[in-house]
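These features come from TrEMBL:
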| type | residues | note |
| --- | --- | --- |
| TRANSMEM | 29-49 | transmembrane segment |
| TRANSMEM | 55-75 | transmembrane segment |
| TRANSMEM | 96-120 | transmembrane segment |
| TRANSMEM | 126-143 | transmembrane segment |
| TRANSMEM | 150-169 | transmembrane segment |
| TRANSMEM | 175-198 | transmembrane segment |
| TRANSMEM | 219-240 | transmembrane segment |
| TRANSMEM | 246-264 | transmembrane segment |
| TRANSMEM | 276-295 | transmembrane segment |
Amino acid sequence: MAESVSVPSEASDSRATWRDYKELTKPGVVALLILTSVIGMCMAVPGWVPLDVLILGNLGIALCAAAAAAVNHVVDQRIDQRMARTRNRPLAKGRVSNQNAIIFALALGVAGMAILLVWINALTAWLTFASLVGYAFIYTLFLKRATPQNIVIGGLAGAAPPLLGWTAVTGEVHGHALLLVLIIFAWTPPHFWALAIHRREEYALVDIPMLPVTHGVRFTQLHIILYTIIMFLITLMPFVTRLSSWLYLAGAVVLGLRFFYWSIEIWREKNPKAPIYAFKYSITYLMLLFLIMLLDHYLVPLPAYPV
Ligand code: HEM
Ligand SMILES: CC(C)=CCC/C(C)=C/CC/C(C)=C/COP(=O)(O)OP(=O)(O)O
C-alpha cells in the first residue's frame, strides 16, 4: 500500500524560499531545452544571430517552459508525494501553496508570451504556447495517466525548442528545423524509459502507466534499443540533408554508438546500474550532439555536392 503523506491543502508559503520557486521551474531541464533553442537559432542562419533575438527569444521560451514545469508540479503533487524521487518537491511537501504556485506559473507564462509576441514574432509565440499546453496539460493532466505511449506523444513539446529558436530568427518553419525536433523526439523514449526501468516500482505504486509497469521491463529494454537505433539513423540526417558537415557526422556516430552500448547494457542486465547510467548518459549525449552541431556549423564548411 502507498504510504500516505498528509499535506496541508492551504499550506502557507512562510517556509518557502527562492530555491523552492527555482525548483518549480525544473531548471536543469529548462537549461538543456534552452541550449537546443539557442543552437536552433544559430543553425537557422549562416552568421551570428542578432543579439536581441538571441536574448529575448530564449528568455521568452525559457519563461514559458518554466511555467509549464510549474504547472506540472501543481498537477502532479499528489503522486509526487508518494514517490521517493519527488516527495521533497515544494508542493508535495506543502512549502509552496497551490495558489502561489499557480500565480507563479501564470506570471512566468504571461511574461514569456508577452516577450515573444512583442519582440520576436507571433509564429514563435504560438508554437511556444502550444508546447506549454502540450507539456503542462496534454501530457501531465491526460497522457501521463492514460497510456504508456505518454512520453512518446508528450515528448513533442520538449522536442520543440530548436524549432522555436529557428522560427524566432527566421519567422518560418523549415525542414531542417523539423529535423532537429525529430532528433529530440526520438531521443526522449530512451532518455525516459531508462529512468522508468530504474524507478518502475515507484511508478507502479502511484498507478502511472509507464511502459515498464504496463508491458514489463524486457519489453521496455527492447524498445529502448529500437528507439536508439531510430534516433541514431535520424541523427545522420543533418549530414545527409547538408545541414551539417563531417565534424557533426563523426560526433553523431561516436556519441550514438555509445548510446547504443548503454541500451545493450540495459538489455544484458549484467550491471544493475546500467539503466541509471544510461539515463545520465542520455543527457550528456543530447548536450554534446547539439554542441558539436554548433561547432560544425561555424567551423567546418559544407562539402561540395558530389558531381
Ligand atoms: C516527455 C518527455 C520527457 C520525460 C517524461 C522526461 C523525464 C525526466 C525525468 C522524470 C527526469 C527527472 C530525473 C530525476 O529526478 O532524477 C528528467 C530529467 C532530465 N531531463 Fe527529461 N524528460 C523528458 C524530456 C526531456 C527533454 C525534451 C529534455 C531536454 C531537451 C530533458 C532533459 C532533462 C534533463 C537535463 C534532466 C536532468 C535534470 C536535473 O537533474 O536537474 N528531458 N527527465
Ligand atoms: C514551452 C516549452 C518548450 C515547454 C517545454 C515543456 C517541458 C518543461 C518539457 C520537459 C519534459 C519533462 C521534464 C518531462 C518530465 O515530466 P514528468 O512529470 O514525467 O516528470 P517528473 O515526475 O520528474 O515531474
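For all residues, glycine too, the Cβ spot is worked out from N, Cα and C.
These numbers come from a predicted model, not from an experiment.
Stretch with the most C-beta contacts under 8 angstroms to the transmembrane segment (219-240), considering only 29-49, 96-120, 150-169, 246-264: 246-264. Beyond the transmembrane segment (150-169), the same-chain residues lying 6 or more positions past its ends with a Cβ under 8 Å from any Cβ of the stretch are 29, 33-34, 36-45, 49-50, 53, 57-58, 61, 65, 68, 116, 120-121, 123-124, 127-128, 130-132, 134-135, 138-140, 143-144, 176-178, 180-185, 187-189, 192-193, 209-210, 290.
Each of 29-49, 96-120, 175-198, 246-264 was scored by its Cβ pairs under 8 Å to the transmembrane segment (55-75), and the highest score goes to 96-120.
Counting residues 6+ beyond its ends, the transmembrane segment (175-198) has Cβ neighbours under 8 Å at 36, 39-40, 43-44, 151-152, 155-156, 158-163, 166-167, 210-213, 217, 220-221, 223-224, 227-228, 230-231, 234-235, 237-238, 241, 243, 259, 262-263, 266, 275-276, 278-279, 282-283, 285-286, 289 in the same chain. When Cβ-Cβ distances below 8 Å are used as the criterion, the transmembrane segment (246-264) is approached by residues 190, 194, 221, 224-225, 228-229, 231-232, 235-236, 238-239, 274, 277-278, 281-282, 285, 288-289, 292-293, 295-296, 299-300, 303 of the same chain, each at least six residues removed from its ends.
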